[in-house]
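J.: First the structure, which I've put down as structure tokens, then a few questions once you've had a look.
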């Protein structure tokens, strides 16, 4: 199983004081040195953490794939086409939310998203949709011809309820049967990672806030190495 490390909240710490530290590139490279297979960043419309220049610095100075999370807007499409990250993950976005609250509703803005997906793929970028573990949304994603699905596993990470893990397991099977690659993300800590890593057909997880918090006491390298050891054991 692969590990994507989201470095958004490294930028959050930096932006709180308007400084140049901590360096998002330095922390990303530490994560890579200790087992991260790719680096994830979410460029929000309000630029509350990662900024445009961070994307280009990461693309230039980090030697693993960049996974750009973004809303399905013309502005973000233009940025993605110029940056040319290896992967783009389309996510829902609300200005008032603290973090992404749910997966995409695939029925909303269907034509707009379909256009953006086709444009990204035309530029050689693999496209992921961030979805709740819903059979209806997975079927819609298949019709949209995306490459991957990232399952929103936040409900399980909060509740640790067996039925939530069963929903994730079933959704991962549906993604696989539809011919798409399945990832998972949102709210994952060490304990959740151990359970999710055992789910068949999930090939990667994205972890951000938890690892940045762990890095404060344990160091980014140690936190990433522990997470990678858990999901590959």
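Including glycine, each Cβ sits where the backbone N, Cα and C put it.
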J.: With 6, 17, 208, 209 listed by Swiss-Prot as 3-amino-2-oxopropyl phosphate-binding, which of these, 35, 187, 221, is given for the same site?
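T.: According to Swiss-Prot, the candidate sharing the 3-amino-2-oxopropyl phosphate site with 6, 17, 208, 209 is 187.
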J.: Any same-chain residues 6+ apart from residue 44 (1-deoxy-D-xylulose 5-phosphate binding site) with CB under 8 Å of its CB? Would you list them in sequence order, or say none?
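T.: Looking at Cβ-Cβ distances below 8 Å from residue 44 (1-deoxy-D-xylulose 5-phosphate binding site), excluding near sequence neighbours, one finds 50, 71, 93.
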J.: Near residue 49 (1-deoxy-D-xylulose 5-phosphate binding site) in space, meaning Cα within 10 angstroms, which of the recorded positions do we find among 6, 42, 187, 208, 209?
T.: 42
J.: Among the recorded positions 42, 186, 209, which residue has the largest number of other Cβ atoms within 10 Å of its own Cβ?
T.: 186
